[in-house]
Amino acid sequence: KTKSERERKKKKEEDRSEKEEMTVEEVGDDYTKDGTVDLQGNPVRRSIRGRWKACSFVVVYEVFERMAYYGISSNLVIYMTTRLHQGTVKSSNNVTNWVGTSWLTPILGAYVADAHLGRYITFVISCAIYFSGMMVLTLSVSIPGLKPPECSAANVEDCKKASVLQLAVFFGALYTLAIGTGGTKPNISTIGADQFDVFDPKEKIQKLSFFNWWMFSIFFGTLFANTVLVYVQDNVGWTLGYGLPTLGLAISISIFLMGTPFYRHKLPTGSPFTKMARVIVASFRKANAPMAHDSTSFHELPSLEYERKGAFPIQPTPSLRFLDRASLKTGTNHKWNLCTTTEVEETKQMLRMLPVLFITFVPSMMLAQINTLFVKQGTTLDRKVTGSFSIPPASLSAFVTLSMLISIVIYDQVFVKLTRKFTGNPRGITLLQRMGIGLIFHILIMIVASVTERHRLKIAADHGLIHQTGVKLPLTIFVLLPQFVLMGIADSFLEVAKLEFFYDQAPESMKSLGTSYSTTSLAVGNFMSSFLLSTVSEITKKRGRGWILNNLNESRLDHYYLFFAVLNLVNFVLFLVVVRFYVYRAEVTDSVDVKEEEMKEHE
């Protein structure tokens with residue numbers, strides 16, 4: 001009996017030992033392979049951190065944060081016109097200049113994240129700056145001494161202007177907010193995408209849908225801002241109208257911080273700007289050196305060195321061959337004379353994306369019209385929906401959001417599944433093809449906007465209201481609906497593809513910089529909109545009837561929109577040329593396949 005018990009006990013111990021060995025093996029497979037770590041720099045297990053569990057905090061954060069941001073930006077042109085008493089061109093330019101700055105500062109945020117602090121720390125610090133700007137902005141619209149007195153005059157030129165102090169506080173708060181968003185915008189979407197390991201087949205598929213649902217969350221928050229918050233600002237007051245977005249931002253930051261135990265992080269890999277500058281300088285320094293064709297003549301680190309950093313070497317490509325000289329061995333090993341092949345290929349990829357970035361500037365100019373001229377058009381029309389309820393002009397932007405939300409769901413659940421059967425592409429169609437469809441929609445949008453504006457001007461002429469200000473035309477505001485709905489459909493193609501393209505095509509060590517390309521596109525688009533608006537306004541006023549005046553009934557916005565349609569058409573032709581020569585970046589997993597093949601050869 002004793003012997004039998006000993007045997008049973010021994011068998012149990014052996015079974016337990018086997019189970020423990022399996023557990024250790026499973027845990028080994030459970031570690032991520034893309035170099036992600038926790039905040040202390042330790043490797044992370046995919047069953048504990050990352051995936052949609054972590055992304056849920058990021059996505060919910062984005063809903064509340066976008067509600068806060070668009071709660072300010074959507075109706076800003078109305079505040080500047082009615083409370084700061086600025087004219088059409090000046091208020092529109094102030095909005096686009098601020099929005100442009102908000103989208104430009106992410107370059108700085110991406111640099112700090114990639115080179116120094118990492119995405120998480122950069123993001124948290126930026127949130128504090130962002131929130132302080134929101135609080136001061138709310139105070140500036142609430143305290144009587146920080147804003148000019150209300151004015152009921154039909155012409156804003158007859159109203160008392162804001163003082164230097166009042167403008168300093170208001171715009172100081174706006175631009176503090178813009179600096180804060182510089183650290184949040186390029187890093188939050190990248191943090192979300194980092195939660196999926198491309199070396200895990202299941203997570204790789206999940207990552208393909210991430211940007212669609214990311215944009216869905218953005219515009220869900222925007223929908224609330226463009227409806228509820230805009231209505232509160234127009235009908236209740238600006239104090240509550242700005243106070244609610246500030247509260248929303250506080251909630252969003254709290255939600256993000258709650259998800260900290262579940263996030264995967266990527267370590268900063270050094271300044272991408274310095275790395276790219278070194279490659280370019282080294283290439284020019286060796287411009288006259290004889291070009292070699294043997295791979296051993298080019299400098300590259302051992303694979304183990306990359307593995308230690310959780311990275312992979314990039315294989316050489318035939319494009320932009322001049323830059324290959326940066327990795328050409330010529331006897332000197334100074335870092336500004338000799339770069340690795342991987343650093344050269346990373347630089348090439350960032351440079352290859354520039355033509356695509358330039359093509360996105362024009363459609364970004366179109367987006368700038370939504371919260372400026374499109375909204376100003378709405379102020380001239382009949383806004384009544386029922387007896388006592390009137391829709392705020394800025395609330396029409398909600399239809400951009402609604403049409404985009406619906407379009408994204410249809411695209412992700414129907415269009416992708418159908419096209420995937422014919423193309424074999426996991427995305428259905430390529431990212432550039434998706435962007436091209438969006439560009440076609442932008443041409444259509446401006447044609448529709450021009451025709452609609454011509455009809456509005458005809459109604460004003462027929463009723464003798466061309467020279468009247470403050471009098472609503474007998475035309476429903478919903479006549480503007482088609483251009484807003486089409487803009488949402490265009491965004492579901494172009495804006496989603498743009499964000500995913502610049503993230504996907506950027507090298508692994510430059511993802512934040514790649515994401516900032518997308519925000520740079522919006523920044524330049526807004527600045528170009530300001531420049532064109534001022535230039536066209538001045539030129540057309542000197543030549544007769546101005547296209548953009550304080551009184552839109554005396555303006556010719558239909559000509560301005562038609563000019564935009566032609567500009568979009570020319571831009572689309574250039575896009576076709578760019579697409580013809582663009583070469584997609586190889587998947588990072590291709591480097592792993594190459595390495596495995598080399599190991600087999602050695603065996």
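For all residues, glycine too, the Cβ spot is worked out from N, Cα and C.
What TrEMBL lists as compositional bias 'Basic and acidic residues' is 1-22.
Look at TrEMBL and you will find 1-27 tagged as region 'Disordered'.
Marked as transmembrane segment by TrEMBL: 120-143 (among others). Sequence-distant neighbours of the transmembrane segment (120-143) (same chain, 6+ residues past either end, Cβ-Cβ under 8 Å): 39, 68, 72, 79, 83, 109, 112-113, 166, 169-170, 172-184, 187-188, 191, 238-239, 241-243, 245-246, 249-250, 253, 256-257, 260, 263, 265.
When Cβ-Cβ distances below 8 Å are used as the criterion, the transmembrane segment (163-180) is approached by residues 72, 84, 98, 101-102, 105, 126-134, 136-137, 139-141, 146-148 of the same chain, each at least six residues removed from its ends. The feature transmembrane segment is assigned by TrEMBL to 163-180 (among others).
Taking Cβ pairs closer than 8 Å, the transmembrane segment (211-232) reaches residues 59-60, 62-71, 74-75, 189, 192-193, 240-241, 244-245, 392, 394-398, 400-402, 404-405, 408-409, 411-412, 491-492, 495-496, 499-500, 503 in its own chain, all 6 or more past its ends. Taken from TrEMBL, the feature transmembrane segment covers 211-232 (among others).
Positions annotated as transmembrane segment by TrEMBL: 238-258 (among others). Long-range contacts of the transmembrane segment (238-258) within the same chain: residues 57-58, 60-65, 67-69, 71-72, 75, 79, 83, 123-124, 127, 130-131, 134-135, 137-138, 141-142, 188, 225, 229-230, 232, each at least 6 residues beyond the stretch ends and with a Cβ under 8 Å from a Cβ of the stretch.
Annotation comment: TrEMBL describes 354-374 (among others) as transmembrane segment.
Under the heading transmembrane segment, TrEMBL lists 394-411 (among others). Under 8 Å from some Cβ of the transmembrane segment (394-411) lie the Cβ atoms of residues 70, 74-75, 78, 212-213, 215-216, 219-220, 222-223, 226-227, 230-231, 234, 370-371, 374-375, 378, 477, 480-481, 484-489, 491-493, 496, all in the same chain and six or more residues away from its ends.
Using a Cβ-Cβ cut-off under 8 Å and counting only residues 6 or more beyond its ends in the same chain, the transmembrane segment (431-451) has close neighbours at 356, 359-360, 362-363, 366, 369, 374, 482-483, 486-487, 489-498, 500-501, 504, 558-559, 561-562, 564-565, 568-569, 571-572, 575-576, 579, 582. Residues annotated as transmembrane segment in TrEMBL: 431-451 (among others).
Outside the transmembrane segment (471-494) by six or more residues, the chain places 215, 219, 360, 363, 366-367, 370, 374, 377-378, 380-383, 391, 393, 396-397, 399-405, 407-408, 411, 434-435, 437-439, 441-442, 444-445, 448-449, 452, 455-456, 459-460, 463, 465, 553 with a CB less than 8 A from a CB of the stretch. According to TrEMBL, the feature transmembrane segment maps to 471-494 (among others).
Here TrEMBL flags 560-583 (among others) as transmembrane segment. Sequence-distant contacts of the transmembrane segment (560-583) (same chain, at least 6 residues past either end, Cβ-Cβ under 8 Å): 317, 319, 352, 355-356, 359, 362-363, 365-366, 369, 373, 432, 435-436, 439-440, 442-443, 446-447, 449-450, 453, 536, 547-548.
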